[in-house]
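Below: one structure, written as structure tokens.
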């Protein structure tokens, strides 16, 4: 926000010292007390020697078809100047850079000294300049002088010899503040006046209110209706017999100092009051509007906002964009952009002046959706002073009538503006001192509230502070404490040691398990990834575990691909795989531990659960000069083995893997659900080949676990036992079973008949073919027995082994081979 301090001084009593050093001191005070500053200085920088001159004669250059010879008067002397300006004419008042003056070179930014020059045989004692050549940006140069030198108007009240920088306002001190989103009140001159008045202990002089007719809507030339959900208040006034002319110089200079481009009187006054009060306003040419009834509504199917000739119209979003319409004609995308067909021009005779309190959230979404940012939308998004809207439209209309010599049509047409009771915040002297660590008296605190222009009542140190409409950022007692602290001065707050005993921190058992999970995954060769928690509805549910819940969508998403909170981690990991594959990374092992969010209904906060997921892509081992090229591509058993290793390390007992086809995003023949008894832990498998083909990715093997269930059923702590010093005994088990008998079914029987000394079972062969009957398959296992306390004897192992084989024969119909 650029603030002209000379303009600001009109609203401060007794006023600021505007000397160079005083401005620098004020800038430092603002940074220490309020907000950051981008810059402090003048648009003219250190330029000198620029004066107003009158053009007394213009003659053609004898040796040039694009230059002329002028005689100009600076109040004392006639000066010859050769210029190529296409708009120079006798009788004009223009700006001269005299010989010896200094101006800023637009290309290098350095000061350049103007010298006497011989231009094709004619001596030029200076240069007639455009505003862009003396510090004004191209984007804010007045439309009338985008090409050529600046020409003063008759009503600019300038005389030959006047300091050009002073009359143009380019020598006024300007501060440029970098505002935080919560300080919407500082997006206006009056807001800055209140802020600086509080800092410098001054009072604010508000502009005098305008007294206009406030007849019933039925007497107004234009009527309005609208939805209170879209705008809590909306009002228009009408001007007739508008005589369009250039805005006075004081008005133009205040606009360009703030970064606004002067257009015409009506538009300039609207922008002036936007800057002064922060209240967005728009104006329409009533003769170009189709009808006299305006409606604030949502856009309908097929509606567009026209643009300038040659530019494509903006397709409006039905049911989401707020528009101001006259029947089927769209006048504006509310608070953001006006239809050029109804914009006020030099030919306009009747004007509609509009102001509205539009829904900030919908304005923000529309501005982002259509990439249309305006000064009005910027303020509406952050919140405006709802208490001033009707007063401002009267002041604006009154000034337009004066400067455009127009007639105000009696009557204000409006809807909304329901009475809004002011908010009161309760706070005590004790609480303020407790938080700030100070010992401020009631008198000191009261004085600070007065400087902040916050009305209050105080009884025995208890304050009830009324929050004015301009301070939308003050909502809780802590906000008032912050106001007191920053105005009192952060440097003045005492430094004190923390009072109390320190206690050692520790992790909860759950936190320890989560941290251990990350360490185990990294020990298994995975690298940690951290993905966005916000995604699309499709990705949010693509790799869900067992729950099939509705997605949790954001009310006001930042972008179309970040609209929904995730319900799984694998979707984000798959994006990470795609990112790496696109950069020629072939071997990938990633994991993520994080929260997912499961819907519990519209009126309930989503359930948050910790999950753990991982992916493997590529080869297990790189080729080396010793081993040569090796093709050890990862497969289902690699990812399954790592999941088993993780579960064992975290303290989960024997789990069961069951073939699953219920995960649509996974390969139906290479996916298994994981159970611990009846507790569902997650799944493991290969991502569906069609999904990978669509994303142009190689085979990806993945798993996702419900870490909450894992932690709840893991042993704490994990029990360890010493390695037995006694020998093992191995037995091979080969059996013939039906083809539909799964290995898990075999393992379940073995586990149920484990015996006292069986340590582990390894599956090592599957055979079908010659020698095996049709409909059968041969499975082979190695069983390892060991007694941790003594040497095993064959008779004990044989007894356990025979008990197991009998159970396999009975329960599975197995044939021991």
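Backbone N, Cα and C define each Cβ position, glycine as well.
Automated prediction, rather than curation, is the source of TrEMBL annotations.
These figures come from a predicted structure and were not determined experimentally.
Going by TrEMBL, these are the annotated features:
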type	residues	note
BINDING	473, 479, 482, 483	Mg(2+) binding site
DOMAIN	44-165	domain 'TRNA-binding'
DOMAIN	420-495	domain 'B5'
DOMAIN	724-817	domain 'FDX-ACB'
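A map of TrEMBL features onto the structure.
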residue : record              : Cβ within 10 Å
473     : Mg(2+) binding site : 18
479     : Mg(2+) binding site : 16
482     : Mg(2+) binding site : 15
483     : Mg(2+) binding site : 20
*Name the secondary structure element type, per DSSP in three states, that contains residue 473 (Mg(2+) binding site).*
coil
*For residue 482 (Mg(2+) binding site), what is the secondary structure by DSSP, using just helix, strand and coil?*
helix
*May I have the list of same-chain residues other than 473, 479, 482, 483 whose Cβ is within 8 Å of the Cβ centroid of the recorded Mg(2+) site, in sequence order?*
471, 474, 478, 480, 481
*asked:* Can you break down the domain 'TRNA-binding' (44-165) into helix, strand and coil residue counts using DSSP?
replied: 15 helix, 51 strand, 56 coil
*Report the DSSP secondary-structure composition of the domain 'FDX-ACB' (724-817) as helix, strand and coil residue counts.*
29 helix, 32 strand, 33 coil
*Can you give the mean pLDDT for the domain 'B5' (420-495), rounded to a whole number?*
95
